[in-house]
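Per TrEMBL, the features are:
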- Lys187: active site, proton acceptor (ACT_SITE)
- Glu194: active site, proton donor (ACT_SITE)
- Gly14, Leu15, Ala16, Val17, Met18, Gly19, Asn37, Arg38, Ser39, Val79, Gln80, Ala81, Asn107: NADP(+) binding site (BINDING)
- Asn107, Ser133, Gly134, Gly135, His190, Asn191, Tyr195, Lys265, Arg292, Arg454, His460: substrate binding site (BINDING)
- 183-476: domain '6-phosphogluconate dehydrogenase C-terminal' (DOMAIN)
Amino acid sequence: MTEQQALAHIGVVGLAVMGSNLARNFASRGHTVAVYNRSYEKTALLVEEHGNEGSFLPAKSIEEFVASLERPRRAIIMVQAGAATDAVINQLADAMEPGDIIIDGGNALYTDTMRREREISAKGLHFVGAGISGGEEGALNGPSIMPGGPKESYESLGPLLESIAAVVDGVPCCTHIGADGAGHFVKMVHNGIEYADMQVIGEAYHLLRYAARMTPAEISDVFKEWNTGDLDSYLVEITAEVLAQVDAETGQPLIDVIVDSAGQKGTGRWTVKAALDLGIATTGIGEAVFARALSGARTQRTAAVGNLPAGTLTTLEALGVDRADFIEDVRRALYASKLVAYAQGFDEIKAGGVENNWELRPGDLATIWRGGCIIRAKFLNRIKEAYETDPELQSLLLDPYFKGEVANLVDSWRRVVVLSTQLGLPIPVFASSLSYYDSLRSERLPAALIQGQRDFFGAHTYERTDKPGHFHTLWSGDRTEVQTS
Ligand code: NBP
């Protein structure tokens, strides 16, 4: 770089799919972007193929990259999560000066982000963990961005990030989420919700295919139709596309030649682990993660297929179920189960906020998830309104609008769970979400018995419904009750 050259507004380190698209997005919005990748080939390729889209400052070393940034320097890291991210953070921190901002835009575990924030802030630098959703297309054209870190750094960084984010109703899909790991925590739960959303769509497909015996092309049309109503969302839209695709080699529907074993990179699992630690029942996300794990247990599945008794199964025809009615019931069960997954995800977000002293605002999250990200959906507008009307909402399911929706869905939901069971078709999220819903609205839960058992074998004590305090029954003595506190 020569002295005369303008400095870059922002820099991107790591120019694989996400980083190169993000750099192009910044450049296309008129920002000068410094770009650096460990191996120079990716940097050279980006400038060669897309150099005409805007102003790029390619660098061959971290030092050259840092020197090409205006102050306070702002560098976004888009490298593999884990050790690679730590390595790049340390290189940048060594070359930067107090007040500069290091942003990790990868999918880091939020507790790693909290640790990194402590380490980097001790050096006088700012560290921002920013969740970025939308895959490669979003990175290029407008992702949903969830930046954490210190509020002061958002003053300098926010306008830059907002300029490349997706925009819905004039509002950018980017806002400061909260201190240290808040952005990555929220991105993690977003991904967990994405797991559940994909699984409920999968369960609906499975029922239309194997209960209603529809072809993938027919089901594609059903999803297209559903995408015009309450279920209007990116995931429903792409489902219709995938189901319509025909394999060029075999002439079969592509869905039939894809191995039914789903991969995962870990954010769903992290969401469930964090929920377990926080004591939040994210059953929909949990079942979705387990469903992917079971789909991947191919040796075990091969041993079990055709080899486990199914009991007496029936068919929709034998039960006299009308196909059109069944399709509508499945749509309603999908909508209700999806609502439960979002309600649970927001519960986890609220609990994570309390645990980590982040002032997380569910309404703001629903707002920035309306565009750019994988779970973008029309009904996020309703979630936004629900939390704006009552930020203290005990559950999304208790919002008057959603309560009214579930009132219209619940009978169909119950029918679908019963029918699927009678047909022997797996619906882990549909069924567990209905159980969660029934648990939530039950006046009495079997937990009273569990407390009795715990007191019997471990003297763990119980509380009484009619007076305060903790009590223990002398089970191995005369079975009288003593008050312990
Ligand atoms: P990858 O996750 O595949 O990482 C490849 C990049 O990391 C390359 O630039 C590579 O440099 C660099 N890198 C590695 Br690997 N080790 C390094 C090291 N020790 N030092 C410096 N650089 C190193 O890239 P991606 O798919 O573009 O994703 C980037 C981040 O964004 C990840 O954290 C990912 O989880 C997250 N993310 C991805 C998506 C998506 O849809 N792909 C969506 C949202 C978030 P090299 O070229 O020299 O090998």
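Cβ coordinates come from backbone N, Cα and C, glycine included.
Among the binding-site residues His190, Tyr195, Arg292, not one has its Cα within 10 Å of the Cα of Asn107 (NADP(+) binding site). When the recorded positions Ala16, Met18, Asn37, Lys187, Tyr195, His460 are checked against ligand 1, Ala16, Met18, Asn37 have a Cβ within less than 6 Å of one of its atoms. The Cβ of His190 has fewer other Cβ atoms within 10 Å than any other of the recorded positions Lys187, His190.
Residues within less than 8 Å, Cβ to Cβ, of Ala16 (NADP(+) binding site) and separated from it by at least 6 positions along the same chain comprise Asn37, Lys42, Met78, Val79.
Here NADP(+) is bound by Gly14, Leu15, Ala16, Val17, Met18, Gly19, Asn37, Arg38, Ser39, Val79, Gln80, Ala81, Asn107 per the record. The longest Cα to Cα distance in that group is 21 Å. Sorting the binding-site residues Gly14, Asn107 by the number of other Cβ atoms within 10 Å puts Gly14 first. The CA atom of His190 (substrate binding site) is located 19 Å away from the CA atom of Gln80 (NADP(+) binding site). Taking the Cβ of Met18 (NADP(+) binding site) as reference, residues of its chain lying under 8 Å away and at least six apart in sequence are, in sequence order, Met78, Gly105, Gly106, Ile132, Glu136, Ala139. For Gly14 (NADP(+) binding site), the spatially nearest entry among the binding-site residues Gly134, Tyr195, Arg292 is Gly134, judged by CA separation. Calculated from their C-alpha atoms, the gap between His460 (substrate binding site) and the residue listed as 'active site, proton acceptor' amounts to 38 Å. Around the Cβ of Glu194 (active site, proton donor), 22 further Cβ atoms fall within 10 Å across all displayed protein chains.
With respect to their backbone Cα atoms, Arg292 (substrate binding site) and Glu194 (active site, proton donor) stand 13 Å from each other.
Under a cutoff of 8 A between CB atoms, and with a sequence separation of 6+ in the same chain, the neighbours of Gly134 (substrate binding site) are Gly142, Pro143, Ser144, Ala166, Gly372, Cys373, Ile374.
Put plainly, the binding-site residues Asn37, Ser39, Gln80 were compared by Cβ crowding within 10 Å, and the winner is Asn37.
Of all the binding-site residues listed (Arg292, His460), His460 has the fewest other CB atoms within 10 A of its CB. For the domain '6-phosphogluconate dehydrogenase C-terminal' (183-476), the predicted model reports an average pLDDT of 97.
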